[in-house]
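See below for the structure under consideration.
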């Protein structure tokens, strides 16, 4: 009886150790959780700029633009400054409708379908004032 109990205890400990190792491996190997990055349209200081102007994301991350100061604002992607210089991609990402109310927002989730690279965007009414931003998608 003692022998059976000892074998049973040893097997239980071995099984527990195996489950713990596999669980730890899966936790380490699981992809990072997607993040949401908020970009203010119009800086808190009152300047006509995106804040922050440069954002780096990974596939699955979301960029959310929030109307903050000095509206109206919109988000247009420059078709000559997106990966592949694709007008179709730039149009797909752009939000040409003007946002007038504080707190209005627009967001894009950069899925794995989007090519890695730098995406340049601007606010059409304030581009001449330097309201330009960049998103870098890392693969």
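Any Cβ shown, glycine's included, is placed from N, Cα and C.
Residues 123, 126, 131 are given by Swiss-Prot as Cu cation binders; from 73, 95, that same site also lists 73. Of the chain residues outside the Cu cation site list 73, 123, 126, 131, 41, 42, 48, 49, 50, 74, 122, 124, 125, 127, 129 have their Cβ within 8 Å of the site's Cβ mean position.
The candidate set comprises the binding-site residues 123, 131. Of these, 123 has the most other Cβ atoms within 10 Å. Residue 73 (Cu cation binding site): 26 other CB atoms within 10 A of its CB, across all protein chains.
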